[in-house]
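Visitor: What TrEMBL shows for this protein is this:
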COMPBIAS  734-743  compositional bias 'Basic and acidic residues'
COMPBIAS  824-838  compositional bias 'Basic and acidic residues'
DOMAIN    22-130  domain 'Cadherin'
DOMAIN    131-239  domain 'Cadherin'
DOMAIN    240-347  domain 'Cadherin'
DOMAIN    362-458  domain 'Cadherin'
DOMAIN    459-574  domain 'Cadherin'
DOMAIN    574-678  domain 'Cadherin'
REGION    723-743  region 'Disordered'
REGION    761-780  region 'Disordered'
REGION    821-858  region 'Disordered'
REGION    950-969  region 'Disordered'
TRANSMEM  693-717  transmembrane segment
Amino acid sequence: LSSSGGVSFFHQFLFSSWALSEGNTIRYQTSEEDAPGTVIGNLAKDMSLSLSHSSKTNFRMMKQFNDSFIRVRENDGELTVGERIDRERICRHTLQCLITFDVVNFSKDRYKLIHVEVEIKDINDNSPEFPNKESIVEISENAAVGSRIPLDPAADADVGSNYIQSYQISVNSHFTIDVLLRADGVKYAELVLMKELDRETQSSYTVELVATDGGNPYRSGSTKITIKVTDFNDNSPVFDQNSFSVSLPEDAPVGTVILDLNAVDADEGLNGEVVYGFGKQVSHEIRELFQVDNKSGRLTLRSPVDFEDKSTYELDVQATDLGPNPTPSVCKIIIHVTDVNDNAPEISITPMTSITTGIAYISEAADKDSLVALISTLDRDSGVNSQVHCTLYGHDHFKLRQAYEDSYMIVTAAALDRERISEYNLTVMAEDFGSPPLRKITQYTIRLSDENDNAPHFAKAVYEVSVVENNAPGAYITTVEASDADLGNNGKITYRLVDSVIMGSPVNTFVSLNSVSGSIYALRSFNFEVMKHLDVHIQASDGGSPQLQSTAVIRLKIVDQNDNQPSIIEPPLYKGSAEVFLPRDAPAGYVVTQIKATDADEGINAQLSFKITEGGHMGFSINKDTGKVHVSRQLTYDITDNVKVTVSVTDNGSPPLSSTAIIHFNFIEGTLPSLPSMSEDGTEEPFEWDMSIAIIIVLAGSCSLLLLAIILITTICSRRKKDTREGEFDEKEDTPNVEKVESGHIDSLIANHKGKAFEAHPFPEKPPLAGSTTSETGCEDGRQTAGIFESNNRGYSTLPGYGKETVRPITIWKGNSFTTISARDPHISGKDSGKGDSDFNDSDSDISGDVHKKESPPTNMLFSTGLWACTSECKVLGHSDRCWSPSATRPNTSLASGPHLSTFSKTASLPRDTRRENYYPAHLPKTNGLQSVYEKVQHQEFDYILVGPPTPARIQETDEISIPEYTNS
């Protein structure tokens, strides 16, 4: 293509890969001398090719050696004559004149290489022409009939039928012509003597020789020949041979001896001396190439010959003696020029796309096997010497593929990337098969055209930039820069802000961005206390098609400045001052109040320190870190005095900011709850209550109070019902054996017991509410009253449930009082309700009135055990004279594996302990006072051991009484 616009337009076809389709050869004919623009043919129609109507370029002529004679129209492949074609100039004597070239046809995603041959037909545009318009020949009068004299041939540049077809001679009485064909294809005529000559009768003859071609209309040329008849010469020189045929290599040097001619004349003297020379009809061309020595007859090479120009020469050498009226002898010599590999191959490279001569362009997006350029070779030698082989060196991304005998294609062999390799310098070597071979080496450059295959690239995905708050609007923040490896518009980057909303406002109200430079500017003054950081998304786009983008995040960190002074929040200030009350006699170290302040800044700008700026000598000091104000010495102020102290709170910023407050101290009589004293090192931090902790404490306290109230109400109700039922029980039974036991023994027993069944715990400072209720009933009421039993989740031995056997009255200790109930033998029932704590429905807690309706056991049955006694504790707690001592079970194999249930009332029941199954029986030491009782109880299979003092002891004070608490290890 001649214009750069055409190149640019054609360049679009290289954006996609083109798969090679098998090529075809098509031949056309055109006549020489046709006017430019003459239509030769149409490739699309003649080869039935489908055309792409969306593109203006479907055919592309790959320029070669004779590229100006024929033109190809790109849209439909029409072939026309480019300029006047002179066949005689481009093909000379060659019978067939061909102009060959290659055309690429683009079809969808394939390309087809078409080999076109245009034969240039000869027209009869040249007439035969003799070298001389007039010529003279001599013949001896004694020449025999049939003697021949070669005549100069006419020349005709045309070929074929347009070449010379015949010679004619004008009518005469003695001569005729014979038309002959030389070895090089030239037609010539020889003059033939038909009748003896007589010089005395006629000494000369004039004839006209006419040469006529076969054109239509024919053309002819003529020459005038004068024939002179010479005197008789008895002897003429004679050659060894009348004709010779020799071979001459085309690379023969000048001066090479071609042939040594020898002619002999039988005469003597001058008549026998022979000289040599070319015949008159020998052309000037031959005389330039060859020469003959006139004395020796040696034929030598005068100028180099070229097989490619002409391969055969035919010439006549004459031998003449020096006598009068010589008659020359003619020797015909045919010289065959043999081909030598003396021509190196020629290389012509035609790129698919080219802007600069000698450089091919291809898109970096081209796929494998994409056509880059076409290589045409030409070797002017013949035969094997003209066969050429091409090789490509330089890079394995490209390779050669043979298209035709003398044509090769450079195609891509791998994927290309301009950003990695933008230019390839290749070497094309064409070498023939001669011996020795000749080669031609050509350097060729292939440049990759850019495609928009690289998106803009930021060095980092997130850029962190610090901006000091209180900046001026319009202040420069930073510059972001993206890189794009593509070229031109493909690498031209523009920047923009990605739309987003920050704190309800568009991001472009916070910052602005220069679309070309990528510089970012602040549009407002930032406030660290309002906004700690700001994320700005930047998009970089290139100018390619399609457009590629990438984004980066600019994280603007707002840097805090010390622009907020501390604010005092405690104690509450009114017009910069606050009143604080403190006892007039507050001791040194007494914490009066605590100054609390906040600072909206952060970090070092929010680190606060406290100090007293005025009034520090008045007996008060402040902790610089916590702000606690305490008394520094013993105060001597009156109630009417008012002490004023100025407190300053300063942050640690640069420059530091501070706030002050005036604290008025008012003195009162009495004491106020003081804040926790400050530790000596002044590093104590005040404990701050968390709201969730406070809620949990309140809920836990409420639940505890509710539970305590439920237990209290249940116990009172149960005790009243039990008192009613036990009112019918006989309380006046005698217990003489029990009274023999001294109260000191039971006290020592309880106090000195080291086992795991009992542990002694003192009463709390205040007696339980149940105790007061118990004391109201008193021993005087003659009824047994049950108290509250506090189990502390400890296990107790249990009493089997009630059956239908004789009931035995049993007195037990419950909590802080004694209770008398009825019970059956332990083997009767061990039933548990399975409801956790024993309740009224369990068999072992059945204390309904039915049991009291039955007859009481014999009096001596219980008295015989000697278990009835009344201790000083019973007296104090208001119980009757009969009460239980702490009981303990003895091992019982019959009940070892069963559960031990313990229930003492219907409403106030003990909590069940999961460890009761592993109950460890208590082992009491068998003291002297208890030995007999213990053995009797053990032999009678009693479940409880009843121990009592023999006589009432003194009534102890309430705070002296220790109540045993039953535990289960």
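The backbone N, Cα and C atoms fix where each Cβ goes, glycine too.
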Visitor: Can you work out the mean pLDDT of the predicted model over the domain 'Cadherin' (131-239)?
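Guide: Mean pLDDT, the domain 'Cadherin' (131-239): 89.
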Visitor: For the domain 'Cadherin' (459-574), jot down how many residues DSSP puts in helix, in strand and in coil.
Guide: 7 helix, 53 strand, 56 coil
Visitor: With helix taken as DSSP H, G or I, strand as E or B and everything else coil, how many residues of the domain 'Cadherin' (22-130) land in each class?
Guide: 8 helix, 48 strand, 53 coil
Visitor: DSSP-wise, what's the residue breakdown of the domain 'Cadherin' (362-458) into helix, strand and coil?
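Guide: Helix (H, G, I), strand (E, B), coil: 4 helix, 52 strand, 41 coil.
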Visitor: Per DSSP, what is the residue count of the domain 'Cadherin' (240-347) in each of helix, strand and coil?
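Guide: Grouping H, G, I as helix and E, B as strand yields 10 helix, 47 strand, 51 coil.
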Visitor: Determine how many residues of the domain 'Cadherin' (131-239) DSSP places in helix, in strand and in coil.
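Guide: Breakdown, helix to coil: 3 helix, 54 strand, 52 coil.
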